[in-house]
Amino acid sequence: GIPCAESCVYIPCITAALGCSCKNKVCYRN
C-alpha cells in the first residue's frame, strides 16, 4: 500500500526489484 514514486502505465515497475507491484497504474509496496 506504500507508493513507490513510479508509474506503470507504459512500462513495468522497475521498483519491482524492491518488492513493488503495479496497482491502478502506480507502483505500490504493501
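Every residue, even glycine, has its Cβ placed from backbone N, Cα and C.
For reference, Swiss-Prot has these:
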type	residues	note
DISULFID	CYS4-CYS20	disulfide bond
DISULFID	CYS8-CYS22	disulfide bond
DISULFID	CYS13-CYS27	disulfide bond
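Known features from Swiss-Prot, placed on the structure.
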{"residue": "CYS4", "record": "disulfide bond", "DSSP class": "strand"}
{"residue": "CYS13", "record": "disulfide bond", "DSSP class": "coil"}
{"residue": "CYS20", "record": "disulfide bond", "DSSP class": "coil"}
{"residue": "CYS27", "record": "disulfide bond", "DSSP class": "strand"}
Residue from CYS13, CYS22, CYS27 whose C-alpha is spatially nearest that of CYS4 (disulfide bond), among the disulfide-bonded residues: CYS27
Cβ neighbour count within 10 Å of CYS20 (disulfide bond): 21
Nearest-integer angstrom distance between the alpha carbons (Cα) of CYS20 (disulfide bond) and CYS27 (disulfide bond): 6
Pairwise CA distance, CYS27 (disulfide bond) versus CYS8 (disulfide bond), rounded so that it is a whole Å: 6
Listed disulfide-bonded residues (CYS4, CYS22, CYS27), ranked by Cβ neighbours within 10 Å, top entry: CYS27
Separation of alpha carbons, CYS13 (disulfide bond) and CYS22 (disulfide bond) (Å): 6
In the chain carrying CYS13 (disulfide bond), residues 6 or more apart in sequence that have Cβ under 8 angstroms from it: CYS4, GLU6, CYS20, SER21, CYS22, CYS27
Long-range Cβ environment of CYS8 (disulfide bond), under 8 Å and at least 6 residues apart: CYS22, LYS25, VAL26, CYS27
